[in-house]
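Peer 1: Below is the structure I would like to discuss, written out as structure tokens.
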């Protein structure tokens, strides 16, 4: 097709400049340099690198990248050749091979089109859908298989809930212990006052000793609060700083992941479009003019994949460190909590054992309860009122008899 035109078709570079160069690569044990080639006769006037594979001579050298045009192999021009012929030329060379290329000076922002943005949005929506739901809605699930970071994110959320519950429980427990210590202090103050006012020395000493025991328990409670309170600070640091920072990193990773998947999907669509036009033997305009749009997307995909791989590595390292900190920190915090509580109860038990002062003998005042012949019987107020009423009635009857005079034996009144 291009032989008839002698390759004088003007390339549509989309304003993307190219810089010529050459690189010498040492082949690996499989006699490969680690690149895949696209384009070439008979539909495209140039050959270009589609992908640079990881951990290969081309990838380790880093000179050539996806989208770069290949112009020659070991000083021989490849103009008008197919990609299969160029691949054979590279394979025939043993040891070192020199690749002549035109470096594509592409700006990744040029590849971030509206189509890529919409694909990222679709991937975000489909990410949390099940396969059945996505198929019912006619959406393809272009996701990475065995992406363990999604499960790690769920584990992180469960860990955050665990720490949140521990923090709330510890706050309530410390508040209860503070109120309990204040109650012990009030007990100590009350028994101290009783001991000071008690006239009997033995009883006074017993009350004071019991009061000191409660005051000591109050001090033990304050010491417990001071020991466990830093536990809240550590838990809050993990909950409010470490976990949100890791969650933000995972969100950035997901954004890079969706961008990479969007470019992969775009490349797949452009490949399908190109293959569909091969059958009728008519080339696409972008293919016949150098396929620069496709090469730009290839470069963007490669750079997005590099960012994705680096971000994934960083997230895995951060998650690993966070898991180690979680295991070590939770063990340390629980050990500190248990040891502090154990010391508190042991100290309280020892203090109360020393303050075993009951029963206490107390002499009550003589005015309260008195026994003896000189003391009258105890009467309450109701009996005194009844006696007063009976005395008043007898006095009234005597007065009546004195006013009317005496009576005779028959019971009749007689005048004096």
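In case you wondered, yes, glycine gets a Cβ from its N, Cα and C as well.
Relevant sequence annotations retrieved from Swiss-Prot are reproduced here:
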- 22-105: domain 'PDZ' (DOMAIN)
- 82: phosphothreonine (MOD_RES)
- 144-357: domain 'AH' (DOMAIN)
- 373-416: region 'Disordered' (REGION)
- 380-390: compositional bias 'Acidic residues' (COMPBIAS)
- 414: S-palmitoyl cysteine (LIPID)
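Describe the structural context of each listed feature in the structure shown, including burial, neighbouring residues and relevant distances.
Peer 2: On the 0 to 100 pLDDT scale, the domain 'PDZ' (22-105) averages 90 in the predicted structure.
The Cβ of residue 82 (phosphothreonine) lies under 8 Å from the Cβ of 40, 41, 42, each of which sits 6+ residues away along the same chain.
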Peer 1: By DSSP assignment, list the helix, strand and coil residue numbers for the domain 'PDZ' (22-105), in that order.
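Peer 2: Counting residues per DSSP class in the domain 'PDZ' (22-105), I get 15 helix, 34 strand, 35 coil.
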